[in-house]
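Before I ask anything, here is the structure I am working with.
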Amino acid sequence: MTLESDRSAVVLAGGGSTRFGDADKAVADLAGTPMVRRVVDRLEPVVDEVVVNCREAQVPALEDALAGGPDPSFAVDPVPDRGPMAGIMTGLQEATGEYAAVVACDMPFVDPALIAHLFERAAGRDAAVPRVDDQWFQTTQAVYRADPMIAACERALERGDRRVVEPLSDLDYVVCEDDDVREYASLETFENLNTREEFEAAAERLAADS
Ligand SMILES: Nc1nc2c(ncn2[C@@H]2O[C@H](COP(=O)(O)OP(=O)(O)OP(=O)(O)O)[C@@H](O)[C@H]2O)c(=O)[nH]1
Ligand SMILES: [Mg+2]
């Protein structure tokens, strides 16, 4: 790993997992592997470094969950619970790459081929954000140029707007749509696990695949 990376990954893990219940879904065991570990393992081949964004109290359990793999760095939210967009900002501040793939810790099926493609699409621009079937922008599985995105997040937070799409209005971004996504990934890449039921269903699929 070089000191200055071209391509970073920021894994967002600073949420409260309230729909999941009284455990942190990031480190919960998903068919034998902590969910965050699955995400890091899938990103690692297509990036130069991995940064994990979280709250201070989560660091020991996340270190345990990621032990034995490549050493990630941690980006701890200075103010917790300000939402995913603030977490993106914290993570990008720690990342050394000019560009970073931002992926939520609850997307265990994230496809590295799509991430690599998003880096290609983002080159020379401020971001590449997927959107399929005219649905929402997949802002937590997207590539951003770190400096303009940090600045855009700071401005959005100053305006008091926590919406994760809000910084896009300040950025020169490309939207990666429909066939451009499907060529590289199946749509399960965007599947995110929030409840115990969703988690168990995904675990069954993973166990059946292995
Ligand atoms: N840093 C940071 N990340 C967050 C925050 N809220 C959510 N996230 C992350 O953003 C991603 C998507 O968030 P959610 O699916 O809502 O996860 P969550 O907030 O932990 O779960 P719920 O409490 O059930 O909404 C996950 O990777 C979370 O870890 C936050 O306040 N700060
Ligand atoms: Mg949430």
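Just so it is clear, glycine is given a Cβ too, placed from its N, Cα and C backbone atoms.
Curation does not apply to TrEMBL; its annotations are automatic.
On a predicted model such as this, the values are computed, not experimentally measured, just so you know.
Relevant sequence annotations retrieved from TrEMBL are reproduced here:
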BINDING   Leu12, Ala13, Gly14, Lys25, Asn53, Asp81, Asp106  GTP binding site
BINDING   Asp106  Mg(2+) binding site
DOMAIN    9-168  domain 'MobA-like NTP transferase'
Minimum Cβ neighbour count within 10 Å among the binding-site residues Gly14, Asn53, Asp81, Asp106: which residue?
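Counting other Cβ atoms within 10 Å of each of the binding-site residues Gly14, Asn53, Asp81, Asp106 gives the minimum at Asp81.
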Show which residues of the chain containing Ala13 (GTP binding site), separated from it by at least 6 in sequence, have their CB under 8 Å from its CB.
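When sequence neighbours closer than 6 are ignored, Ala13 (GTP binding site) has Asp24, Ala26, Val36, Val52, Asn53, Cys54, Gln58, Leu62, Cys105 within Cβ distance under 8 Å.
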Taking the Cβ of Lys25 (GTP binding site) as centre, how many other Cβ atoms lie within 10 Å?
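I count 26 other Cβ atoms within 10 Å of it.
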Quick check: in three-state DSSP terms, what is Asp81 (GTP binding site)?
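DSSP assigns Asp81 (GTP binding site) to coil.
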With an 8 Å cut-off on Cβ-Cβ distance and a minimum sequence separation of at least 6, pull the same-chain contacts of Leu12 (GTP binding site), or say none.
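Residues satisfying the criterion: Asn53, Pro84, Gly87, Ile88, Gly91, Val102, Val103, Ala104, Cys105, Thr140.
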How far apart, in Å, are the two Cα atoms that lie farthest from each other among Leu12, Ala13, Gly14, Lys25, Asn53, Asp81, Asp106, the residues recorded as binding GTP?
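Binding-site diameter by Cα atoms for GTP: 17 Å.
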What is the pLDDT of the domain 'MobA-like NTP transferase' (9-168) when averaged and given as a whole number?
97
